[in-house]
Amino acid sequence: MSRPRRRGRDIHGVLLLDKPQGMSSNDVLQKVKRIYNANRAGHTGALDPLATGMLPICLGEATKFSQYLLDSDKRYRVIARLGQRTDTSDADGQIVQERPVTFSAEQLASALETFRGDIEQIPSMYSALKYQGKKLYEYARQGIEVPREARPITVYELLFIRHEGNELELEVHCSKGTYIRTIIDDLGEKLGCGAHVTYLRRLTVSKYPVDRMVTLEHLQTLVAQAEQQGVPAAQLLDPLLMPMDSPASDYPVVNLPLTSSVYFKNGNPVRTTGAPLKGLVRVTEGEDDKFIGMGEIDDEGRVAPRRLVVDYPA
């Protein structure tokens, strides 16, 4: 029996999309997938509809390595409205409490300090975390509050930008799993006035260059240009993609000779020189350093395959 025909293109890489405000991460993901006519696509860490900024979208085989971006650090710029608390901790929610803003500059500085470093955070009910197989925001929309455990996070930097009237602007560099809305809500309670997010922009994810971000409008413009020029849209779109192994760029590289990579790609651990003593590694083959997957150093010092790239026929 012949294999079913694959729909769309076998295109592999990571697009750094500048997500627009007012759209869900899944909505923009589906638009990018259609624009690229890609077989597979997935994003790495959803942004709220209110938020804008860097949303890495993995296409094709790059989706196998998206988990490594979920685990990476991120940087945000956030503006909070002081004096009002909402049920979602952002401007999309309903105001549930209003209080005067009376704190001093010293009290603000002291409160901000408590959010720096290793802290614990109780996730918002309006999050995609699951409880008994159901997303928290689904419970919240039904008016049901369920128990949530505090989770360890790290805030590497919490920079004060400005405080004007009832607006507070901050920049946050944080670890995976950090909810900026929750930081703002908790900060508002610590200051005694309440607060919610009115503006949120993700500035960076991992070490991806900011100047490689593109908008949906730019992608659509390139498609129109390609049509006018009589060339395939892929000719203008594909150069925008980052390499498929870029989500795992923080991991060391182990290069295998072609004689060893054959065994590795067949699921077998192989011995090689220059490998670290333990941990995950990016594995390449041959003199051109072609990426073939992720490996892990086993107890015998061999490189064992963990996620492999599939070579699709052209």
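Cβ from N, Cα, C; glycine included.
The C-beta environment of Tyr76 (substrate binding site), restricted to residues of the same chain at least 6 apart in sequence and closer than 8 Å, consists of Gly53, Glu171, Val172, Cys174, Ile180, Leu200, Arg201, Arg202, Leu203. According to Swiss-Prot, the substrate binding site annotation covers His43, Tyr76, Tyr179, Leu200, on the basis of sequence analysis.
As annotated by Swiss-Prot, active site, nucleophile applies to Asp48, with the evidence given as sequence analysis. Under the three-state DSSP scheme, Asp48 (active site, nucleophile) falls in the coil class.
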Under a three-state DSSP reduction, the secondary structure at Tyr179 (substrate binding site) is coil
CB neighbours within 10 A of Tyr179 (substrate binding site), counting all protein chains shown, number 21
Separation of alpha carbons, Tyr179 (substrate binding site) and Asp48 (active site, nucleophile) (Å):
11
